[in-house]
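Noted in TrEMBL for the protein shown:
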type	residues	note
DOMAIN	108-317	domain 'TLC'
TRANSMEM	25-52	transmembrane segment
TRANSMEM	72-93	transmembrane segment
TRANSMEM	114-138	transmembrane segment
TRANSMEM	158-176	transmembrane segment
TRANSMEM	188-205	transmembrane segment
TRANSMEM	211-231	transmembrane segment
TRANSMEM	243-265	transmembrane segment
TRANSMEM	285-304	transmembrane segment
Amino acid sequence: MAFRRRSKSYPFFSQEFFIQNHADLVFCLVVLILIGLMFEVRFLIAFFSFVHRNVSLYGEESLYHYGWRDCITIFFYFLIAIILHAVVQEYVLDKVNRRLHLSKSKNTKFNESGQLCVFHLVSSVWSLYVLITEGYIQNFSSLWENYPHVPLRFQVKFFYLFQLAYWLHTLPELYFQKVRKEEMPRQLAYILLYLLHITLAYLLNLTRVGLVLLFLQYLSELGFHVSRLFYFIDENHHKLFDVWAVSFVFTRMVTLTLTVLAVGFGLARAENQGLDLEAGNFNTILIRLTVLLTVCFTQAWLLWKFIRFQLRRWREYRREQPARKRLAPKLPLRTLKRDVGHHENGIIKAENGASPRTKKIKAP
């Protein structure tokens, strides 16, 4: 009696459902939309993103404000981020996992680092491109001069909206990826921290400073997740973590210095002191102190966790060293006994004239 093989079915609200049914078509559509948006194709913006609702014209250039309609745009890119996440998981990470044969815990961490590695790479290159084209790197004082920095150009607004959409999409992905309960607080902590800092920079019109800080943060996190991926592929590549440790501490110092310089000193010397919601001016001493304390507390918390992690690694290494020395085999040196006989032209011969067999020396 022959039995037909049942097809694998997935629940509707699952990552596998989108993969098996809509991946190819939706992926092509998403790529076209994103390319169109990056080159500011107006009809795609009008149809998909609703960004044009908060627009004002200055000559031939369109500049944008933020408003409640941004929530619709964020929700749209929220859905796109979920689909892109599923495509990367199915067509890249799962294929690599099948070859590596990792354990369940390592498999979860590998998927997390793989997804974040792609995102941090794209975001760091994207933010660097915006910083260069907007001229913020060439004129460093522009980070705090002429505050408030409204309205925004399209690429700056689009960058912030997509960042918010991506980090919001990671919340339901915790359910899709079936993250363990032990890992849930750690992942929720950094997701909420990203959402808090990006939202503050966007709503308080500190987008220029926020772009530089996000670029530094994403570049540092990219180094960590690349080191993590290489370590899972081959555990001998653990020295990359030492390079990342130096860049991590350097990023924390630069972040603190830049925040104090731009917010603590730059905005404090600006002429337009006061709160003006219509103009988007939030340059008051209370708001400045709130921003400074938020950034300083976050950097101090990250440094504290980093130091605890490094100390734990050092203690584990110190505990493992005596155990390794005890388990190391102690092989005595072997002495070679020369046969009794006489030598002719460097060859040992026995007394009866027969040449003895050469003895093989085994490696210790």
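Note: Cβ is positioned from N, Cα and C throughout, glycine not excepted.
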Short question: most Cβ pairs under 8 Å with the transmembrane segment (158-176), which of 72-93, 114-138, 211-231, 243-265?
72-93
Cβ contacts under 8 Å made by the transmembrane segment (114-138) with residues that lie 6+ beyond its boundaries:
85, 88-89, 92-93, 96, 153, 155-156, 159, 163, 166, 208, 211-212, 214-215, 218-219, 221-222, 225-226, 229
